[in-house]
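So that you can see what the record holds, here are the features copied from TrEMBL:
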{"type": "REGION", "residues": "1-23", "note": "region 'Disordered'"}
{"type": "DOMAIN", "residues": "8-82", "note": "domain 'Multiple myeloma tumor-associated protein 2-like N-terminal'"}
{"type": "REGION", "residues": "80-177", "note": "region 'Disordered'"}
{"type": "COMPBIAS", "residues": "93-112", "note": "compositional bias 'Basic and acidic residues'"}
{"type": "COMPBIAS", "residues": "113-122", "note": "compositional bias 'Basic residues'"}
{"type": "COMPBIAS", "residues": "123-132", "note": "compositional bias 'Basic and acidic residues'"}
{"type": "COMPBIAS", "residues": "157-177", "note": "compositional bias 'Basic and acidic residues'"}
């Protein structure tokens with residue numbers, strides 16, 4: 001009376017991969033293809049998920065902005081009612097100062113690290129150049145301090161073009177017929 005239900009999924013949902021969509025010629029027919037299967041020059045080195053980055057940071061900024069607006073509204077209401085407006089506390093300004101000083105300190109540390117990296121790289125490059133110069137001088141048969149001609153690789157010398165090889169002999173033989 002009833003047939004048993006077949007296992008698996010219908011429509012091939014189990015085998016679906018966005019990487020396959022990015023290679024598909026009809027990828028524009030898939031909803032979300034530009035985000036989930038980005039291809040082409042337009043997305044190279046781009047952050048296609050830019051809209052969802054730094055949500056916590058934006059939430060903190062939003063709360064801070066709302067707090068400032070509420071303070072300004074409270075001050076305006078107090079002034080309209082004739083009350084003394086409370087002076088601004090230095091806490092909000094002082095809170096930003098350590099951030100700026102911390103940022104400056106971190107920036108200076110990054111600059112120093114970058115300078116140290118650059119110096120190490122330069123020293124490494126100089127050492128490599130010295131090694132190459134020494135190797136060239138050591139490998140030379142000449143006793144002069146500088147090579148008379150540019151150093152060549154240690155590949156075997158080329159064969160003479162004038163010498164007859166098998167291909168030339170075969171060509172001559174077949175021309176005769």
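Here the Cβ of each residue, glycine as well, is placed from N, Cα and C on the backbone.
In TrEMBL, annotation is done automatically, which means it is predicted and not curated.
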Helix, strand and coil totals (DSSP H, G, I; E, B; other) for the domain 'Multiple myeloma tumor-associated protein 2-like N-terminal' (8-82): 52 helix, 0 strand, 23 coil
The compositional bias 'Basic residues' (113-122) - residue tally per DSSP class, helix then strand then coil: 10 helix, 0 strand, 0 coil
